[in-house]
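These come from Swiss-Prot:
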COMPBIAS  369-395  compositional bias 'Low complexity'
MOD_RES   Y92  phosphotyrosine
MOD_RES   Y164  phosphotyrosine
MOD_RES   Y166  phosphotyrosine
MOD_RES   Y177  phosphotyrosine
MOD_RES   Y189  phosphotyrosine
MOD_RES   Y223  phosphotyrosine
MOD_RES   Y279  phosphotyrosine
MOD_RES   S296  phosphoserine
MOD_RES   Y317  phosphotyrosine
MOD_RES   S369  phosphoserine
MOD_RES   S780  phosphoserine
MOD_RES   T804  phosphothreonine
REGION    1-505  region 'Required for interaction with ITCH'
REGION    102-229  region 'Interacts strongly with spindle-regulatory protein D1M1'
REGION    351-834  region 'Interacts with CTTN'
REGION    710-760  region 'Divergent helix-loop-helix motif'
Amino acid sequence: MKYKNLMARALYDNVPECAEELAFRKGDILTVIEQNTGGLEGWWLCSLHGRQGIVPGNRVKLLIGPMQETASSHEQPASGLMQQTFGQQKLYQVPNPQAAPRDTIYQVPPSYQNQGIYQVPTGHGTQEQEVYQVPPSVQRSIGGTSGPHVGKKVITPVRTGHGYVYEYPSRYQKDVYDIPPSHTTQGVYDIPPSSAKGPVFSVPVGEIKPQGVYDIPPTKGVYAIPPSACRDEAGLREKDYDFPPPMRQAGRPDLRPEGVYDIPPTCTKPAGKDLHVKYNCDIPGAAEPVARRHQSLSPNHPPPQLGQSVGSQNDAYDVPRGVQFLEPPAETSEKANPQERDGVYDVPLHNPPDAKGSRDLVDGINRLSFSSTGSTRSNMSTSSTSSKESSLSASPAQDKRLFLDPDTAIERLQRLQQALEMGVSSLMALVTTDWRCYGYMERHINEIRTAVDKVELFLKEYLHFVKGAVANAACLPELILHNKMKRELQRVEDSHQILSQTSHDLNECSWSLNILAINKPQNKCDDLDRFVMVAKTVPDDAKQLTTTINTNAEALFRPGPGSLHLKNGPESIMNSTEYPHGGSQGQLLHPGDHKAQAHNKALPPGLSKEQAPDCSSSDGSERSWMDDYDYVHLQGKEEFERQQKELLEKENIMKQNKMQLEHHQLSQFQLLEQEITKPVENDISKWKPSQSLPTTNSGVSAQDRQLLCFYYDQCETHFISLLNAIDALFSCVSSAQPPRIFVAHSKFVILSAHKLVFIGDTLTRQVTAQDIRNKVMNSSNQLCEQLKTIVMATKMAALHYPSTTALQEMVHQVTDLSRNAQLFKRSLLEMATF
């Protein structure tokens, strides 16, 4: 399966960590060449400003959906396309099994390598035009006048004298497709190697069929994925992603490799009371208090064997040992020691109020563990009667704070805003001119009700997240941002209050058709009209508030203490919690809620007596939980300073180059403006011929000859200005300048060429010879049509930037304009001298 080139927008800035990774800024538009390239899950091969490299897929967002294409007979291997074009190697296409061939026998052309592997039936012709199928773009680039369009880079012609010609690269085999070489020695992709000197398909000679039937290559051929790729797939993932190793107790062998998912292993099958104990302890987020759940534990519950389940369960869960566990009730205190509570999943114990250091440490761990838990469950858990830290909670503003890194917060906010806009759009799609009539309401009453409920739900989720961001702003030293966000939030809250009230009133009347259907126009608005009018204003207010939060995300959002910032963190956090209707809420953390608020996975069993940490010692807790996160690479100070120095030096070099480029562009702009402002002279009385033109015995009158010579000189001057403008435009395209730059240069090209059109129109009105008038008019009209084409091509190149196809089309049209302008100038000279 392959994908066509897609466009993707960068959601965040990306600083490359290796030579193959691509650097980009937030908002850049990248061309996605391949997803999950080279078997690297989550890494995409992209192109930006003429450079290619791999980028993390969770840092970009596709602008359009993926379009799959199957390997048809019209598709050719990328590495062999230009070789086939220039006759250096002949590759054969496998017919598409979905293409309904004329008969059941595949027709294969003879091999030009004379290997004799494929035997072709003698009765079938092998005409070359039937064998090779060259894409239309390549045919035009070779035989047409538009010039080559090779690879994914924009090719600009080179100016030679008063014209432009395309220069073909010297070696197409290496420079056609700008794709990094494969790191594997075997063919993983469904593309024959371009440098193969032998037969295309590696089929053993012993399997040749003399019947002339196409022999499908075995699984060991080029098209098969080598076993090493499948075998090393897990190894590749572990090298590319920083997955934590499973936690194992010292001295315990790795009895069985448990799965990656957070599901307790099924090696032990409890029955009876054991099963009851398991379900009472394994279900996180149960509504009953913790003390009540402990009462259901059987005091005679035997602990699992040390070598059977505990070791495997410890392998399945990677949770710090520093997290303390709840003690059982007083009646089961004889079983409260850690060694007899192995296998019982429990909720972490509160830290005593006087142990401040240990409490802060466990709070940090809890924030890390709870960062993906739903906020609805968090709000419900605030009434837990077993929490002793509720009296120690901070101010209300701090209770609602969002402890997220900026990238995760921005992505989550964008999803909420998009869901809100989609909900309002679906409601507006149902509102028509006669949508309140009885017939329409009878058909669409359920759809309207669903759309109203979705708008209210999405707005509620959006407000839930935004309030947390406003709470973060309240903790900043400067309150200017907080006051601004509070004003913008107030508008959205007012709208939400109106929508909630009107929705409640609509539910009170049970959405009765007799009440909602209106056959006559009336001046009074009912609840449904009021809901629609207010819902229209919500996306604009939400967009303004979202823009404010995105702009100040670095100041508003910071990870909480103890949280980890991984490169693929945003994707993993966003996918950890799902909400109805596609919404996702931000996690609001309450310092006193971490007891009743359970994990999405069961907690590990208590540690054995030899390995159980001292719950009364905060120092031991600090030491133990740090050991469990030793897989996190902490960058040293020297390495960090060295990288920062390199980045600063690179940034300074880029700034200097940018300043030099901007200075050159500014001077070029000024020169072009001076040339453009020069008008076309119409006063022939002040004109003196620059050179003596040869006279002939043709029927051209002296007055027409003088006019042709006069405007030929004018055309020569403005033609040079046109070439200078084209040079500036091609320079912008070659340096990958944005649309605002090359569009401005294209205007100079159009204005310069328009002066030539003006000269042609003036000559058409002033010359007396009919044949000369017709020739000048035809040439002038051709230039005018070419200008219209350039305007459209420039517009498409700007709209589809950075599409190389659109840019290349603009370059082709401008090149054609230079040729037509040169022909127009030459025709004036010919008509004046012959």
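Glycine is treated like the rest: Cβ placed from N, Cα and C.
Model, not experiment: these values are computed from the prediction.
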Practice problem: Can you see whether DSSP assigns Y164 (phosphotyrosine) to helix, strand or coil? | Solution: strand
Quiz item: When DSSP states are grouped into helix, strand and coil, how many residues of the region 'Divergent helix-loop-helix motif' (710-760) land in each?
Solution: 47 helix, 0 strand, 4 coil
Quiz prompt | Candidate modified residues Y164, Y166, T804, pick with smallest Cα gap to S780 (phosphoserine) | solution = Y164
Quiz item: Which residue, out of the modified residues Y164, Y166, shows the minimum number of other Cβ atoms inside 10 Å of its Cβ in this structure?
Solution: Y166
Quiz item: Taking the Cβ of S780 (phosphoserine) as the centre, how many other Cβ atoms fall within a 10 Å radius?
Solution: 20
Quiz prompt | Model confidence over the region 'Interacts strongly with spindle-regulatory protein D1M1' (102-229) (mean pLDDT, whole number) | solution = 47
Quiz prompt | Y166 (phosphotyrosine) versus the residue listed as 'phosphothreonine' - Cα distance in angstrom | solution = 17
